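According to TrEMBL:
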- B:60-248: domain 'ABC transmembrane type-1' (DOMAIN)
- B:7-27: transmembrane segment (TRANSMEM)
- B:59-82: transmembrane segment (TRANSMEM)
- B:94-115: transmembrane segment (TRANSMEM)
- B:127-151: transmembrane segment (TRANSMEM)
- B:172-194: transmembrane segment (TRANSMEM)
- B:200-222: transmembrane segment (TRANSMEM)
- B:229-248: transmembrane segment (TRANSMEM)
Amino acid sequence: MRTKGVLLICFILVISLLCAGCTEKDKEQDNGASLQDKTWEEIVEEANGTTVSFYGWGGNEKINRWLDTTVAVELKERYNISLERVPMVPNEYLPKLLNEKQLKAEGTIDIVWINGENFYNAKNQDLLYGPFTQMLPNFNQFIDTDSPDVEYDFGHPVEGYEAPYGKAQMVFIGETAVIKKLPTNHVELKELAEKHVGKITYPDLTDFTGSAFIRNIIYDIVGYEAFLELEADKEVVREVIQPALDYLVDLKPYLWRQGESYPATIAQLDNMYADGEVLMTMNYTPFHIAGKIADGTFTKTSQSFLFDKGTIGNTHFMGLPFNAPNKAGALVVINHILSPEVQVTKYDPTVWGDLPVTDPNLLNDQQKQLFESVELGEGVIPQDILLQHRVPEMRAELVPIIEELWREVVLGHE
Amino acid sequence: MRVKWIIKYIILTGLLFPLLMMIGWSITSGWSWPSLIPQGFTFRAYSYVLEPTTGVFKILINSMILSIVVTALTLLVSIPAARAIAFYDFKGKSVVKVLILLPLIVPMLTVAMGVHLRFIQVGLANTFWGVVLIHVIPGIPYGVKILLNVFELNGNKIETHARILGASPLQVIRYVTLPLITPGLIIAGSIIYIASFSQYFITFLIGGGRIVTYAMFLFPFVESGDRTMASALSIVFILSITLVLFITEKIVGNFYEKSSRYYV
């Protein structure tokens, strides 16, 4: 008797739970095709009073604050749109989108912050909505649509499936209180390591920045032109990067712990640098250092530097999932972020320190003045010098091959 | 005596020292070897926590409600299961015992991907109840295992006495079974609560970002290596858990004392 009763209760519970879910009616799904025919004013009108969810990395309080305040407040005032930020990265939301694609379900994500391999995979699997960038007035007006930074994302054509958000560029950071002359190429870097044995290292290649550092060393030795048309075959790549692999093997004994282990993340390397355990760190956000000096994590004598032949730069983008519930709202938000007045707010290193995607040549004097009046802070390299020393990322599919070769040849070297 | 005293304090220091380090880290801008005390003072982490736009407290409260519901539901499932395994003999009992531990053995990640598909179909994806249900799964092994031991230790003789003396089944549950297993319930409940509160990926997948828990808010900071921020947020994390456990123990403890003095 009693067991039956318990069973019944459990059964009712499960059913009622399922029904609680059922009652949530699916909203009518707008596949976005109709948006293409609408004028911009109609899209803005449609977005009025809606909520837009923005999914992206949430590990930096400054970026979070910028989106939550500067961007969100203005969106509310100008377009009556509420911006909701969700701290979720591609590795977490792409599986979700894949499942939703399989069942053609309605989504929850309006905007994703994405680039590189994730973009390539998402676009190949039809997880993104587009092309949409041609619909955005600010994209057409302020962005150099023919520049490789906007047309290509890690060597893959963007084709209007994502809009640029900001630009990043690799910089190295050195402690000038100890290092008298900062290295300007890979040879000087090795001399520095020989002079300060065990005080230089780079993040493991499972880390994004560590991987970029190795590509930068390879560029410095064999030049980036070698990779433009390179076939994504391990042996072919090995032949091209062999001099760089030899260099890294030679460098290995002078590194931290004789190069037998590497910091797992850039965060760990930053912390080691802050603790004085190593003399050099690096970052893919060029003005990262200004924030770190300002909040006291890095010493005032820290200085960022570049290689003469340049460092790798990439662009990060915003895209719309295929099943974004509020596509009109998403377009308005992206358009708003592309305006020079918003781009300049995140250019400020105390706010974020992200390079703008707007093209200086397409701005009027007043807008140019906005960018020039930004105080860049300590230890940074000005934007024009950065852009003169900027080389593009190689194609996304070459990256894992290089990482594999590094593990085999450099890490595996006894 | 002296030795016992020393051991006690060594253990206490071992437990509390990492916490002290964390408090130090949460208010410092730099703390590098070889200095013993933090070198700079900053309130940036706590000021971020207290900023209204971040909505930390809203997320924290939502998280607590979610985990409390999960705990209640898991216990509701675990009590009959543990009782059945303890007192009844049925075919395949040992298999069931192993199956109950499966959520701890099979990675939740793989299960969650399949569950997500099914949840989309029945409309549970991106809902509060969907997240509750997926959180119940990893909680069940703890709930059943702990309560199973409690039931086995207590036996069902006292319950039988009550029945013989004319108590109805409901009265037995209310006046005999519940008071007897209360200590076990508190322990199992605490562990289930903590397990639910710390879930990360499955909340993401099933909640789809509509349900944001505190762990989701905290994790990106830990990952990005911002020690000051991660420490401050972790302290809030620990405090919130301690608070909930403390309150439960107080409430349940009172109830337990009142109703059980006749039996123990």
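Any Cβ shown, glycine's included, is placed from N, Cα and C.
Note that TrEMBL annotation is computational and uncurated.
Counted over residue pairs separated by six or more positions, the transmembrane segment (B:200-222) shares at least 3 Cβ pairs under 8 angstroms with the transmembrane segment (B:59-82), which defines the two as touching.
Relative to the transmembrane segment (B:127-151), the listed stretch B:59-82 leads the set B:7-27, B:59-82, B:94-115, B:229-248 in CB pairs under 8 A. Annotation: stretch B:229-248 has the most Cβ pairs under 8 Å to the transmembrane segment (B:59-82), among B:7-27, B:94-115, B:229-248. Counting same-chain residues at least six beyond the ends of the transmembrane segment (B:94-115), those with a Cβ under 8 angstroms from any Cβ of the stretch are 81, 85, 134, 137-138, 140-141, 144-145, 201-202, 205-206. Remote same-chain residues near the transmembrane segment (B:7-27) are listed as 37-38, 41-43, 45-46, 227-228, 231-232, 234-235, 238 (criterion: CB distance under 8 Å, separation of at least six residues from the stretch ends).
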